[in-house]
Amino acid sequence: MVLLYQPKKQKKLRAAFTTIVQDLDYQGLGVAKIQGKTWFIENALPQEQVQVQVIEEKRQYGLGRVQKILQASPLRQTPRCAYYQICGGCQSQHIPIHLQRETKQKALFQRLTKLQKEAIEFMPMISGEAWHYRRRVRLSLYWDAKSKNLKIGFRQKNSQQIVNIRQCDVLDPLLNELLPKLHELLSTWSKPKTLGHIELVAADNGVAMLLRVTEKLAEHDRTLLLDFAFNHQVMLFVQDEKEICHLQGDLPYYQLDDGSILHFDIRDFIQVNRQLNQNMVNTALDWLDLKKKDNVLDLFCGMGNFTLPISRYVKSAVGIEGVLPMVEKARRNGERNHCHNVQFYQCDLSQSFTEQEWAKVPFDKILLDPPRSGAAFALNALCYLMAEKIVYVSCNPATLVRDVELLLKFGYQLKKVAMIDMFPHTSHLESISLFERNR
């Protein structure tokens, strides 16, 4: 018998409904309870009466967006950005910055309070400027052959469409100044279909720019690009299908307060917020309470953002990173900064590392700054190192909670926590935590 395929019927979404918003979650979504179901509503504030368009509905929760504001909150503010309604970037600009921060901090502290009986010292928030804080940006490029128009900007939320922008209020002023000039440059490009994207970084020694193209540069375009880089003092890199070429200027770098200078390649990860990166490093150094006799381990160390400053206060510092090119850069940064008591090793921290030679050293203190996926596997091995203090920098509250539970299980106590508002006007929540081994 032939079984005919019958497509599954799409569940029909309920019609728009009206509700009063009761709360705000840490991602900037309004929260309403309707007949036992929790609804998370985009662009809604507490105490507002809103008409809600349903985006998705599950058994226990639903997701919607404001279709119409029937009664606005006195807290609602006019978004500063001209592209706010269409850009997929900063989605919390209608919320006053103090409320954004208070809501994130409250959510973080409430989650962590439930994990241990002992009191946790909740430290003042680490925050900075709410605008012009981003020193790095990736711009999408799209050539519309029909209108003969090149779009430079960001993708719309939940869409592949590009929002054509001339400025962005969260970018470093040096990057903002270049945006209209990039429009002007690329409008005369001979092969606009070959344009991929642009990455810009406001380094401490100037602006670095990477242009991604799908084929080798035409001579006309290469000349335009080199003239642009020379006239605007831009460190220029071009990436085609085969390689990245450094065409003009020095390697970018940034400097920390202790004098450490970290050189990096244009595509390397660096913290986007210059000011808060420094504040975060200062906090880590303070909480670790470093001594001249200490041996310190820095996991997920990148190019040495924490390792090099740590090394200036201790007997030895060891940095571990999974990506070999980053390890090589960290070593070069250590040499340039005359940090002779620091060593860097490549190791996959999602695999067992207890048999590695570097792991056989008795470490007094440990710092880890893992990716969003957290550090669960690494923590299983860390328990054997018996360090007295661990500082954990997190960029994901969900994996932080999971990893805190592991550390508590392994005999550590959560002593201090501070929220880091690294990305104002977004849903991102970062934090730094101090753990001490139970005696």
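Cβ atoms are placed via backbone N, Cα and C, with glycine included.
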Message: Among Glu321, Glu335, Glu388, which residue shares the S-adenosyl-L-methionine site with Gln271, Phe300, Asn305, Asp348, Asp369 according to Swiss-Prot?
response: Glu321
Query: So which of the binding-site residues is most packed in, judged by how many other Cβ atoms lie within 10 Å of its Cβ, out of Gln271, Asn305?
result: Asn305
Query: Quick one: which residues besides Cys81, Cys87, Cys90, Cys168 have a Cβ within 8 Å of the [4Fe-4S] cluster site's Cβ centroid, in sequence order?
result: Tyr83, Tyr84, Gly89, Gln93, Phe154, Ile165, Asp169, Val170, His425
- prompt: Within 10 Å of the Cβ of Phe300 (S-adenosyl-L-methionine binding site), how many other Cβ atoms are there?
  reply: 20
Task: Determine the Cβ neighbour count for Asp348 (S-adenosyl-L-methionine binding site): the number of other Cβ atoms within 10 Å of its Cβ.
output: 11
Query: What is the nearest of the recorded positions Cys87, Cys90, Cys168, Cys395 to Asp369 (S-adenosyl-L-methionine binding site), using the Cα of each?
result: Cys395
- line: Restricted to the domain 'TRAM' (10-68), the mean pLDDT of the model is 93
Query: Near Asp369 (S-adenosyl-L-methionine binding site), how many other Cβ atoms are within 10 Å of its Cβ?
result: 21
